[in-house]
Amino acid sequence: MSAIELPPLRSRSEEAARAEHNAQTLAHENANIAGYDESPAVQQVETDAPETKGAPQASFKNYFRVFSYGTKLDYFLISLCCFTSIGAGTAMPLMNIVFGKLVGNFTDYFIPGSNVTRQEFEAEINKLALYIFYLFIGKFAMSYISMLAIRISGMRISAALRLAYLRALFAQPVSVIDTVSPGKVANRITTSSNIVQLAISQHFATLFQSLAFTVGLYVVALVKGWKLTLIASTGLPFILIVYGAMFPPFLRIHQITDKFQEEASAMAYEMFSSIRMIVAFGTESRLAKQHGVMLSKAASNEKRAAPLMGLTMSPAMVAMYGIFGITFWFGIKEYTKGRISSVGDITVVLFSVMMAVMNIGRVASPIISIAKAATAATELFVTIDASFHDTSGVMEPEVTGNAAITFINVAFSYPSRPGVPILKGLDLTITAGKVTAIVGPSGSGKSTIVGLIQRWYDLLGTTATAKKIDETEIPSSSTMASSPIEAVYDNTDKKSKKGKAGEEEEPEQDLGPNTCTGSLSVGRTNLRNVDVRWWRSQIGMVQQEPFLFNDTIYNNIVFGLCGTRYEGLSKDEKKIMVDEACREACAEEFISRLPQGLDTLVGESGIKLSGGQRQRIAIARSIIKRPPILILDEATSAIDVRTERIVQEALDRVSKNRTTIVIAHRLSTIKRADSIVVLRQGQLVEQGTHEELLKNGDGVYYGLVHAQELEMDAEDDDDHSSSLENIKMNDTKEDTASSGFEGHASREDSTYQNVGLLHSLGRLVVEQRHHWILYSVCCIGILGAGAVYPLQAYIFARIINVFTLTGPELVKQGNFWAGMFGVLAGGVGLSYYLLGAASHLISVELTRKYRSEYLSNMIRKPILFFDDKVHSPGSLTSRLSSDSQQVQQLLSMEMSMALIACTNLLGCTIIAFVYGWKLSLVGLFAALPLILGAGLVRTRLEIQLEAENAKVFENSSQFATEAVAGFRTVLSLLMEPMIRSRYDKLLKGHVVEALAKAKYGTIIFAASDSLELACMSLTFWYGGKLLASREYDLIQFFIVYTAIIQGATAAGIWFSFTPSMAQATGAANRILSMRPTSTDPSSYSPLPCSDEGVGIEFQHVSFKYQSRDVPVLSNLNLQILPGQVAALVGSSGCGKSTTLSLLERFYDASSGHILYNGQDITTFSPAEYRKQMSLVSQEPTLYQGSIRENISLSVESASDDDIKQACRDAQIHDFITSLPEGYETRLGPKGMSLSGGQRQRISLARALLRKPKILLLDEATSSLDSESEKYVQEAIERAASEGDRTVIIVAHRLATIQKADVIFVLGSGKVLEKGDHQALLRKKGVYWQMCQAQALNR
């Protein structure tokens, strides 16, 4: 298989207008999507989306444009498909010619006084039957070649399109990618791409074959009798007018529905990404309900298409049977006047036009698929066409990374807030080869400096890199939920939009021209003139929240070599560099203890490692390429004191002879810096060494240091022999779970029952039996539509027999039976209309219900379920979308058509046996089993192929969404080519695996598609013998023949839906398997009541993760009295956060007991037990929606007074009320429109609103600057001072827990020391040494 080739990325000048518009649209459509309830954004989409100028408009030209992603091989395969599809399509028109000759021979033989002998009749019949068999062979070969060719090209082009989308996404500016939800990426790269793939493969071949079929039939009809053909074609304009009027509104409705589905997918991704917080606060039901609101709006919109779906088949069927009546009526007139010499000519014209018109109805399915693909492709092309800038420039030797970085009079504001300057005339020189630390309060510009150095933004005079969105082209920000909070920072003290560490985060959309003046240079070269990729290869960066890929530790570190001169080294040479980097980052010790060592999988975002372990791997990754510039953005914030000291010494070593930029809030880490730069409000206010800056008692730096000082009043001692390095603390997994654990923790029921179609889908339908009215309408429609075929066989036989009559009787009988076709047309039209509309309503409602239930069941799974690497957020989001879509596709018109086929087959079998059992036995039990057997084998192959497709595309989707989630890391590490390469490799693997099965599956498909002709050949041959002996008359023969052919057609229709059935069955099984097992509530004990807080006791508790040989907790014993403030400290991996996880019952202990007021917590209902506690984690979790919604999420119902009091307790009320919209201010994704401290205090308010008996704080202030930490710390102390609440704090920064009632120092899974701050200092043990490391005044 040749490589998947892609067209080159478009230059800035190419298609500039379209690119500019799509860049605006991309930023617009990804801007903060409003959250929960009846948001204006959702209402706007529902009512105005089709008219919104900024929204991408679906166009069929985008469907055809998809083919431009093919290669010469693909174009050859497509051409071959077109040619062979024409051949396969013309088989039936040629068969009609033969059929006409047969009918003529039959009537000539049975006309009274005929001179045709039996021998002559049999010889002619044998010859014509053989011709039909030759047509079967030709159609089989052509069908196989066309379907195989288009499947190959369709898979290849689809893979190229997916890769182009991902490549274009990573070519966008940071400001644009920042606004892209990974959930949307998952939806587009799976669901949307799958829709496109289906439309450019199977449905493309079907459409082309159908067009050739239709044209061929009309050519045959016109040759046989052009007047009769024109009469027979009178229904065609009616069909074209109806379909032409139907599709535009159908496209608009579908496009709006897609928007709702994308929003629902984005929200689902957020939920899966923060599942621990959801479980801790018991918000599963509320968030699932909000997700259901979005799905309900999508369903309400999609129900508007029900009348249109009713017209999918109805017009074609009405026209077809109407044409039958009109054509026979006119043909009989012409026949009696001698203008038509043979009844065979009438039959050929009639059947040709009839089949052509009927085929127009069948063309509806691929056309609808193509219409959906046009919408899906438009969404993909918005990103693909978005403009980007040339990143090339000078590199070595013209410029070097070993040069000073100079800011000269730099003024900068983000595009989203052009009136809020972040940097104000900054003049700063970062000396080459020296360590420069940058400190300052939140919003002072620290992270902005890093962003400018990394060239996430450029200084361009008066405009920023991000594109400006023309507000006349898009809805107002209020309707699209571009965060209103951005507009109000002019009037607050917190003027910058902040992200990690409370610093400025890049804007989420561009709203106008912004200030970007001044000069930024490296040496004597302006940074704008430097090649971006080369420049980033000179920088090693460690961020505060390290992002690791779901890969091995080794690969995560080797990723640091991407885009550098070391990238091409051998594996052995890279291994040496990895080992060296691990030693320098102090990561070698804990890696060596892991069973798989460097080959250990780190899990989604490094979930299987502790925060300290993740950080050290990130440090190793940043220094492995030996960069001349090292940027450490809070590189040690998540590391314990012992590890911090070791890592800090390592960083001191690697910083030598290297330009190092350190951003830190924990000032103990930057005491040794060569220069400390103090920023305030975007300006440099102080600069010097640690000692020099401390001399200014009124300075900003002095105030920051004073806020972090520890009380060290214990008597000094010269005995420091027990160094931190000699304290053995197991560095095992701390913060999160691995793939499993030992003990009796709650596991998901992994039993997956792969039941059949009737059991799985039938169960879904039966459970919704309250829709019995719609079900009844569907049944009536199915019975009516299915009964048409036996009735058609009977009426057709009667009309053919009319031509054996003469004179007035011929005209009388002919007119009567022609009129009966008109009656049949009215009945079948009504049946199909009712069926199409009702089945669509059922499918929409069932899909809404079960997609909502699917997510609700997913988020109620045990935490272990989400620890599994196959259940990553991206994978689950993709599955949620694709499984629901597959079920809906089948439960709509597809299932109805399959049921009609069953009714048809049954009715045709009955009428055939009633009128001629001999011919029926031959036709139905000799030829038909071949069709059934081919279909069954095809079904099995399609199921296997579907399983492979789902597996591979799920993996590729997971990889893509993970890459988007960590895009800053991807850009910083120059991993874009590697990401594309690995994604390309995944896609190619899918293509190869899928095609291996497609070769055999296509044989069966071609057989089931063409065996109808073989059945006809056999029927005519044997029927001819029965007619020759006059055992059968014409009425008997044509009733049986038509019934057999209709039965074979029905079987073909049934098996044409087997791929959808296979996919939908698997999807339904997955949906049902997510249902939880019921638990008897009476088996739980009631919670003991207490007004003085809760006493917590660990009795001999041990805990071990399944993938770890070393236990995290080993016989842990500790007791916390009611109302106490307890702190847990210790090295990374000592079990601090695991202790909180056990308290939250994310996991259960392997052995021992955890007591809640003296009672084992495993005896309580987990939901009721968790209502007694609240968790505030290091990384606050906020969702799209208003501030009020985010705070009140933790309780079922809360009054305004309760919410405001919780915010006052969390010291965030004043800030919220300073916003123009106050508590109704809407937040963007993850609440990134707030600073870190503001997000943390909102999280604390949410926790306090529950009025918990137990408050758990897991590194709640570790990522905050001194100013924000002060606010949060005061809020925590206020919450703990009430005396009726037990507070448990996990912290690395010891200044935050020195006032705790009791401090537990953990190590090796046990308590090493306990006591209050002063008592532990007097011991001069582990805690004393930890304090020594953080004492800034020592």
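Heads up, the Cβ atoms here are built off N, Cα and C, so glycines get one too.
Taken straight from Swiss-Prot:
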type     : residues           : note
REGION   : 1-21               : region 'Disordered'
COMPBIAS : 11-21              : compositional bias 'Basic and acidic residues'
TRANSMEM : 75-95              : transmembrane segment
DOMAIN   : 80-372             : domain 'ABC transmembrane type-1 1'
TRANSMEM : 130-150            : transmembrane segment
TRANSMEM : 203-223            : transmembrane segment
TRANSMEM : 230-250            : transmembrane segment
TRANSMEM : 312-332            : transmembrane segment
TRANSMEM : 340-360            : transmembrane segment
DOMAIN   : 405-706            : domain 'ABC transporter 1'
BINDING  : 440-447, 1130-1137 : ATP binding site
REGION   : 473-518            : region 'Disordered'
REGION   : 715-747            : region 'Disordered'
DOMAIN   : 777-1063           : domain 'ABC transmembrane type-1 2'
TRANSMEM : 777-797            : transmembrane segment
TRANSMEM : 816-836            : transmembrane segment
TRANSMEM : 895-917            : transmembrane segment
TRANSMEM : 919-941            : transmembrane segment
TRANSMEM : 1003-1023          : transmembrane segment
TRANSMEM : 1037-1057          : transmembrane segment
DOMAIN   : 1096-1333          : domain 'ABC transporter 2'
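In three-state terms derived from DSSP, Gly1130 (ATP binding site) belongs to an extended strand segment. Of the candidate ranges 75-95, 130-150, 312-332, 816-836, 1003-1023, 312-332 has the most C-beta pairs within less than 8 angstroms of the transmembrane segment (340-360).
A contact links the transmembrane segment (130-150) to the transmembrane segment (1003-1023), because at least 3 Cβ pairs that are 6 or more residues apart lie under 8 A.
The Cβ of Ser1132 (ATP binding site) has 30 neighbouring Cβ atoms from other residues within 10 Å, across all protein chains displayed. When other Cβ atoms within 10 Å of the Cβ of Lys446 (ATP binding site) are tallied across all protein chains shown, the result is 27.
Using a 10 Å radius centred on the Cβ of Gly440 (ATP binding site) and all shown protein chains, the other Cβ atoms total 27.
With a cut-off of 8 Å between Cβ atoms, the residues of this chain six or more beyond the transmembrane segment (816-836) that come close are 309-315, 317-322, 324-326, 328-329, 332, 777-778, 780-785, 788, 791-792, 795, 798-799, 802, 893, 896, 900. Within the chain carrying the transmembrane segment (777-797), a Cβ under 8 angstroms from the stretch's Cβ atoms is held by residues 317, 321, 324, 817, 820-821, 824, 827-828, 830-839, 842, 896, 899-904, 906-908, 910-912, 1034-1039, 1042-1043, 1046, 1050, all 6 or more beyond its ends. Of all Cβ atoms in the protein chains displayed, 29 besides its own lie within 10 Å of the Cβ of Gly1130 (ATP binding site). With a threshold of 8 Å between CB atoms, the same-chain residues lying at least 6 positions outside the transmembrane segment (75-95) that come near it are 67, 132, 135-136, 138-139, 141-143, 145-147, 149-150, 152-153, 204-205, 208-217, 219-220, 352, 355, 1009-1010, 1013, 1016. Of all the Cβ atoms in the protein chains shown, 29 others lie within 10 Å of the Cβ of Cys1134 (ATP binding site).
With a threshold of 8 Å between CB atoms, the same-chain residues lying at least 6 positions outside the transmembrane segment (203-223) that come near it are 81-82, 85-90, 92-94, 96-97, 143, 146-147, 150, 154, 229, 232-233, 348-349, 352-353, 355-356, 359-360, 362-363, 365-367, 369-370.
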